[in-house]
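*Asks:* Pulled the feature table from TrEMBL, pasting it below:
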type	residues	note
TRANSMEM	74-92	transmembrane segment
DOMAIN	96-343	domain 'Fatty acid desaturase'
TRANSMEM	98-118	transmembrane segment
TRANSMEM	224-245	transmembrane segment
TRANSMEM	251-272	transmembrane segment
Amino acid sequence: MTAAQCRSETNDLPHNHSTHMESAQGFKEYLVPPSDCISAFKYKKVQVPPKDLKLSDVMQTIPKEVFNKDPWKASFCVLLTVIASSLGIFWIHKSSWFFLPLAWFYTGTAWTGLFVIAHDCGHRAFAKSRLVNDIVGTLSLLPLIYPFEAWRIQHNIHHQNTNLLDIDNAWQPFQTTHWEQATSFQKLVFRIVKGPMWWFASVGHWLKYHFNMGYFKDSQKKRVLFSCALVVVFFLIMTTFLVHLTGWLGFVKYWLVPWIFYHFWMSTFTMIHHTAPHIPFLTKEQWSNARASLGLTVHCDYPFWIVLLCHNINVHIPHHISTQIPMYNLWKAHDALKQKWSPYMNEAQFGWTLLSAIIRRCHIYDDELTYVSFPKKNISNAKSL
């Protein structure tokens, strides 16, 4: 069975056949595709976590040593990213036009390592010192034009509300009501962002959440404004320097295009981590932290060089179980979790089959079918697509 056939079969399934229900709490369980669909989408089949599961129960299965912060390992991660990023710029500089796309793609991947280092800093998992975390996190995000403090606050909202409908701010799905109320232009934007240009979605997220003071409490605004000011100053200096030395084409060549490739990974990682044809977003009444962290988060295997440059960001389930696990200890935590909780852990293999399963089907969030593809005419047609 192909992924396309699987999408059709899953959409045609009656609701009572494709989901499990818990009448006591009205908790709609995961939509469980047929086993052939799991194979086509490259997911390992999983069971539903126990109803009474507590995060503390899961935490007890993780060795205490994975929480240890090792300054040498952390420093190696920084050194690796600095060297990899520098080699990327050198490759771009020396590359013929024919090989530039490869150089840009590699450099954008290396720059993703900068984000992952800042990601650990934002969770206070990089160093024991809060000051060190703030300094390293700020410096790591400056080339990516992310204000560290604004990103840190917004990202923590995601962890506190993983796959919580209307609240999670990482990859919130479009719902049927959104589609029904949208203008023709908005529907066009929906189709683009949730379809062929999914890789550009994180640029919109970057603009929406990190520079708008309306998303922050009064007590947070002073630090957020300072963080934003640093980013603006850095961007102006960097742009002036690049344009002076290389012209505007150099600005595009050495920064803008690699930055877009970095956002390819930001969008792709975020989407794959919490979006799949069988993984729901839950209402407040249905949601629990343990179930969301263990059962609604996806571990995805990527080629070794991507995992290396991106510091294990793909090993995402233990990170949601505890944000205090440093990036270099995630694999050990993941292996420990699998010893007891493997039946409840979503694991996938990166590739076009996986991407197409998401970007061709996970368009509109539907209460009964979890996700449906964009309808040709109206949402009532979607359930028959």
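Even glycines carry a Cβ here, placed using N, Cα and C.
Note that this is a predicted model, so its numbers are computed, not measured.
Tell me about the setting of these features in this model.
*Replies:* Panel annotation: around the transmembrane segment (251-272), residues 88-89, 92-93, 100, 104-105, 107-109, 111-112, 115, 144-145, 170-171, 198-203, 206, 238-239, 242-243, 298, 300, 310, 313-314, 348, 350, 354-355, 358 of the same chain, lying at least six beyond its termini, place a Cβ under 8 Å from a Cβ of the stretch.
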*Asks:* What same-chain residues lie close to the transmembrane segment (74-92): Cβ under 8 Å, and 6 or more beyond its ends?
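*Replies:* Long-range Cβ neighbours of the transmembrane segment (74-92): 100, 103-104, 106-107, 110-111, 113-114, 116-117, 120, 126-127, 136, 253-254, 258, 308-309, 311, 326-328.
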